[in-house]
Amino acid sequence: MAGANQACIFCEIVRNPTTTRLLHTDEKVIAFQDIKPAAQRHYLVIPKEHIPTVNDLQRRDEDYSLVRHMLNVGQELLQKDAPQNIHRFGFHQPPFNSVDHLHLHCFALPYVPRWKAIKYKSLGPLGGFIEAETLLEKIRPLLSKV
């Protein structure tokens, strides 16, 4: 796997998927349940390539396409598993990310318990949580072919 980090727990899941029940896998990403769910359904979609954080994404077609694909996978999973719930998708921004491997949080709300919602708040210029659609706007190539 290109760009793998030996110390990264998510890279380990990509290398050895038998340790985690995968909900989705394709050539770009895998998806699985969060080990500490904060909502009725809480899935993570991660790229197979090691990308540390949202700060490593740039305004280029490949980054935009990857995040768009991650979001599409998350939306499909939650639409299938929890179609009646409100869905929310986003990323933690440094220094608030717990794992240095890009990962999309996919929620079927409500948060359980409710106080867990605090971890998924935007802190404006300080970072915090960024909605997937907001990140896509931020990294959309200026002359996008996507």
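Placed from the backbone N, Cα and C atoms, the Cβ positions cover glycine too.
When Cβ atoms from all protein chains are considered, those within 10 Å of HIS105 (active site, tele-AMP-histidine intermediate) total 21, not counting its own. The annotation active site, tele-AMP-histidine intermediate is assigned in TrEMBL to HIS105.
Per TrEMBL, the feature domain 'HIT' maps to 9-120.
For the motif 'Histidine triad motif' (101-105), the list of distant contacts is 5, 8-11, 34, 42-47, 50-54, 56-57, 67, 70-71, 74, 88-92, 120, 129, 132: same-chain residues at least six beyond its ends, Cβ to Cβ under 8 Å. Under the heading motif 'Histidine triad motif', TrEMBL lists 101-105.
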